[in-house]
Amino acid sequence: MTVNIGSESGSTNWVFIGGGNMAAALIKGCEKKNFVEKHNIAVSVQTGKSAEKWRKQGYDNVFTNTLEMLETYPTAIYIICVKPQVFDEVVSSWPVNSRPKFIISVMAGVPLKTLSEKLPFVSGNTTIVRLMPNVASSIGFSASTMCYEKNDKIENQEVFVECARKFAECVGTVELIPERCFNPAMAIGGSSPAWTFMYIESLADGAVAQGLGRAEAKRLAAQAVVGAAQMLLDSESGFNIESQHFGLLKDKVCSPGGTTIEGVRTLEKNGFRSAVLEAVVATSKKADDMAKSLSK
Ligand SMILES: NC(=O)C1=CN([C@@H]2O[C@H](COP(=O)(O)OP(=O)(O)OC[C@H]3O[C@@H](n4cnc5c(N)ncnc54)[C@H](OP(=O)(O)O)[C@@H]3O)[C@@H](O)[C@H]2O)C=CC1
Ligand SMILES: O=C(O)[C@@H]1CCC=N1
């Protein structure tokens, strides 16, 4: 069995419930790689204003009524892209006779168990994949994670999981992980871009405080972060991410008695590492709490 994905099929088959930041980033990234075309996509949003925005960008299959969209595309791949707080509303918009084969949820803090329990119309023959992409999906640089519950009783489950993986790879990298690790992975893969933007902004502010022009400071700061991350990922740098410690590269930058080590000293004094580590823990715990309150 094959799943007709994206532009391979002439029909609309990627149905996004929620058309905000994350849906827009995923769709943009997939279109960039010719994985889907506009006519393969349907989107539902809450407000007429958002619907108009999508239509102006050339999407015809735009709905402000999720029930109507799901009834129009009963056999599509559904991607749930609403806020977790809105999930119950989406559940109430699900057609009673719907028997989807494949659902992808990008919602933070909504476990697989809750998804299958809250979607009562979904049959035991539905593959549900949790995917946690990030905003860089729009340019093909997401660091995504995905998980699902293996169930041999579900027909062609491996085909749908492979389809989810291809979708995720289209917008960046993807790690298949057990669900018990999903929330800490979400903190890094999904949330950390926000903190990285803050870090880059702070770098630029520091240089501006010392007299560098804002535009140069912003470009330099962003490029310095890209270069550093690339050195960790690209073994051409001589660094092996599997076996070596990040401190090796840090030490190469810190000349004895030099300038950088003064910055390291200041960061350590101000709790830099601890602040980042605690941000990851707090974010992961927040997702744990959301999962608990949703299951009540
Ligand atoms: N933002 C990010 O970087 C990431 C987000 N996520 C996850 O993605 C999900 C969406 O987040 P994000 O895109 O940022 O949120 P947004 O607020 O940008 O988008 C939410 C969308 O849902 C729509 N909506 C609200 N109610 C309904 C409804 N009943 N039926 C259909 N659509 C509805 C909204 O419509 P309208 O536009 O009309 O208001 C909006 O388009 C969240 O669950 C989040 O955890 C995951 C990874 C990263
Ligand atoms: O802030 C959030 O809840 C979502 C999940 C990951 C990134 N944004």
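We number each residue from 1, going along the chain as drawn.
Positions of Cβ are set from backbone N, Cα and C atoms, glycine also.
The NADP(+) binding site annotation in TrEMBL covers I17, G18, G19, G20, N21, M22. The number of other Cβ atoms within 10 Å of the Cβ belonging to M22 (NADP(+) binding site), over all protein chains shown, comes to 24.
Residues or ranges marked as domain 'Pyrroline-5-carboxylate reductase catalytic N-terminal' in TrEMBL: 15-109. For the domain 'Pyrroline-5-carboxylate reductase catalytic N-terminal' (15-109), the DSSP-based tally of helix, strand and coil residues reads 40 helix, 17 strand, 38 coil.
What TrEMBL lists as domain 'Pyrroline-5-carboxylate reductase dimerisation' is 179-289.
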G20 (NADP(+) binding site): tally of other CB atoms within 10 A of its CB: 15
Environment of I17, G18, G19, G20, N21, M22, the listed NADP(+) site - residues of the same chain whose CB lies within 8 A of the CB centroid: F16, A23, A24, V43, V45, C81, V82
Counts by DSSP class (helix H/G/I, strand E/B, coil) across the domain 'Pyrroline-5-carboxylate reductase dimerisation' (179-289): 89 helix, 0 strand, 22 coil
